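Feature annotations, reproduced from Swiss-Prot:
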ACT_SITE  E368  active site, proton acceptor
ACT_SITE  H497  active site, proton donor
BINDING   H367, H371, E395  Zn(2+) binding site
DISULFID  C133-C141  disulfide bond
DISULFID  C336-C354  disulfide bond
DISULFID  C522-C540  disulfide bond
DOMAIN    19-607  domain 'Peptidase M2'
CARBOHYD  N53  N-linked glycosylation site
CARBOHYD  N196  N-linked glycosylation site
CARBOHYD  N311  N-linked glycosylation site
SIGNAL    1-17  signal peptide
Amino acid sequence: MRLFLLALLATLAVTQALVKEEIQAKEYLENLNKELAKRTNVETEAAWAYGSNITDENEKKKNEISAELAKFMKEVASDTTKFQWRSYQSEDLKRQFKALTKLGYAALPEDDYAELLDTLSAMESNFAKVKVCDYKDSTKCDLALDPEIEEVISKSRDHEELAYYWREFYDKAGTAVRSQFERYVELNTKAAKLNNFTSGAEAWLDEYEDDTFEQQLEDIFADIRPLYQQIHGYVRFRLRKHYGDAVVSETGPIPMHLLGNMWAQQWSEIADIVSPFPEKPLVDVSAEMEKQGYTPLKMFQMGDDFFTSMNLTKLPQDFWDKSIIEKPTDGRDLVCHASAWDFYLTDDVRIKQCTRVTQDQLFTVHHELGHIQYFLQYQHQPFVYRTGANPGFHEAVGDVLSLSVSTPKHLEKIGLLKDYVRDDEARINQLFLTALDKIVFLPFAFTMDKYRWSLFRGEVDKANWNCAFWKLRDEYSGIEPPVVRSEKDFDAPAKYHISADVEYLRYLVSFIIQFQFYKSACIKAGQYDPDNVELPLDNCDIYGSAAAGAAFHNMLSMGASKPWPDALEAFNGERIMSGKAIAEYFEPLRVWLEAENIKNNVHIGWTTSNKCVSS
């Protein structure tokens with residue numbers, strides 16, 4: 001009995017000590033979160049200065065400050081080991097401590113960390129500074145990706161001109177950084193192992209807090225693949241009509257330079273030559289925006305109005321004062337790739353975008369403002385929770401609004417779409433146009449990370465790195481480069497996110513769940529009823545819906561304080577990511593395409609590409 005009593009007293013003493021420690025830990029975290037917000041703000045300011053004016057001095061400053069923060073994070077990780085946080089009662093404290101033990105690249109030794117920052121800066125800077133010569137004038141060599149090269153790739157229908165720009169860009173944006181990329185993979189792997197992951201792939205996937213996540217995506221993609229193959233077959237059939245058999249084969253992969261986008265990630269720019277009913281208008285309000293004197297400022301004001309119409313948060317004054325929404329004309333180099341920034345203070349949020357007055361850019365504005373709304377909704381949370389429920393949630397928010405903005409119903413409402421008659425043919429045109437962005441993107445997005453996972457996991461011999469990239473693009477997307485590539489080339493970093501070390505799975509996840517969000521928001525707004533043909537999902541406008549806004553608020557204000565299924569549940573009662581909503585949205589198109597492809601004897605699927613040879 002005495003022994004039992006002593007054991008009980010010892011247990012009570014330990015428990016009391018733990019309760020006491022938990023109170024201290026709470027206070028420690030409160031102070032630490034404030035300090036981290038302050039320090040991250042300084043780092044973000046330096047990154048902003050560099051991204052909006054690429055100079056050696058700004059790069060040096062940015063990297064020095066990042067190194068300082070990394071050092072501090074190491075000290076924090078060391079401090080957290082002094083707490084027995086895994087035994088605490090509070091799930092919230094456990095979650096915060098767990099987040100703080102993930103050091104990422106800061107786990108690297110100082111020299112390696114500095115080298116990694118230099119390597120990433122070199123790749124990002126190379127990408128931002130690419131200039132090529134004019135196809136028709138070899139003395140004019142100042143064409144940048146944004147806007148000049150992208151303009152040609154989207155508008156030109158001369159396949160030789162397109163192939164020229166494709167090769168020039170990939171050679172300069174990709175091949176030029178092969179050695180840096182190899183070193184980046186080595187350092188990424190080293191950091192992952194120091195964080196107790198087997199590779200960088202597992203480190204990235206850990207953000208989704210689900211061991212089966214990779215398999216779930218494979219399964220969802222397998223469900224969507226038949227629709228993608230129908231779209232691919234139909235587009236190839238129409239491109240053959242336009243360019244002829246010598247340029248596009250009947251059964252092979254599609255030459256990617258013909259698809260209106262440098263990376264063939266979305267094909268809506270070639271809608272004019274592949275749209276199902278060419279005599280019916282396609283929704284493109286770019287010309288009307290020009291005619292009505294739209295400016296980048298007006299586009300952002302409209303986006304702000306959409307959020308506030310749903311009772312969500314208005315853009316703060318700091319946003320208008322500090323954002324860069326047009327390409328500066330003073331000749332400086334900057335990263336033009338649209339991005340949204342959180343400075344971890346109160347109401348200091350910004351966008352950097354070289355905005356052009358086009359329909360597509362109007363949607364991009366809403367996408368970026370979705371990030372900003374998320375920042376504003378969770379800014380009351382402790383620093384460690386000031387991020388998305390998972391990376392895909394952050395990307396999806398603005399896209400839900402873009403799906404709504406792009407409907408004929410909304411564009412008519414705001415006076416940009418005139419004399420539009422929505423019959424069955426116009427509807428198929430519109431669904432097809434949306435699919436060229438939303439369905440076509442899925443295999444592309446998957447391959448961006450499947451490729452890097454394979455390098456991080458050491459599954460591909462270095463001698464085959466380039467052809468491994470094209471093999472995946474062929475296998476998943478059925479596209480190929482316009483010219484033969486070899487291991488003398490290195491093409492993956494010609495995509496910004498690969499040069500800049502941005503995980504890409506977030507976009508795949510976003511393109512799936514945004515349809516889940518959209519469907520639920522449309523039902524809440526009384527804009528979609530599966531049993532009412534007058535209220536279809538593909539013409540639902542959630543503008544002005546306080547009910548949809550409240551659902552967004554419930555989810556966004558949680559930040560990362562709970563695992564993402566809890567955030568999804570707060571929005572619509574579901575806990576599982578599913579491809580059902582995206583299938584529902586495109587069902588009328590699937591039915592039409594299958595019949596049309598059979599009628600035209602269109603080949604579905606593609607033979608293996610021979611456009612990359614391992615030397």
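Note: Cβ is positioned from N, Cα and C throughout, glycine not excepted.
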Validating a neighbour-count step here. Other CB atoms within 10 A of the CB of C133 (disulfide bond): how many?
15
Per 10 Å Cβ neighbour count, which of the disulfide-bonded residues C336, C354, C540 ranks highest?
C540
Excluding H367, H371, E395, which residues of the same chain place their Cβ within 8 Å of the centroid of the Cβ atoms of the recorded Zn(2+) site?
A340, E368, G370, H394, A396, V397, G398, D399, S510
On a C-alpha basis, identify the one among H367, H371, H497 that is nearest to N53 (N-linked glycosylation site); the candidates are the recorded positions.
H497
Between the Cα atoms of C336 (disulfide bond) and the residue listed as 'active site, proton donor', find the distance and write it as a whole number of Å.
13
Between C522 (disulfide bond) and the residue listed as 'active site, proton donor', what C-alpha distance do you get in Å?
32
Glycosylation sites compared (N53, N196, N311) - the one with the fewest other Cβ atoms within 10 Å:
N196
Neighbour count, 10 Å Cβ-Cβ cut-off, for H371 (Zn(2+) binding site): what number do you get?
21
Taking each of C133, C141, C354, E395 in turn, which of these recorded positions have a Cα lying within 10 angstroms of the Cα of the residue listed as 'active site, proton acceptor'?
E395
I need the CA-to-CA distance for E395 (Zn(2+) binding site) versus the residue listed as 'active site, proton donor', whole Å please.
14
For H367 (Zn(2+) binding site), which residues of its chain lie six or more apart in sequence with Cβ-Cβ distance below 8 Å?
A338, E395, G398, D399, S402
For the disulfide-bonded residues C141, C522, work out the Cβ neighbour count at 10 Å and name the residue with the minimum.
C141
Taking the Cβ of H497 (active site, proton donor) as centre, how many other Cβ atoms lie within 10 Å?
19
Calculate the distance in Å between the alpha carbons (Cα) of N196 (N-linked glycosylation site) and the residue listed as 'active site, proton donor', and round it to a whole number.
25
Reported as an integer number of Å, what is the Cα distance between H371 (Zn(2+) binding site) and C141 (disulfide bond)?
36
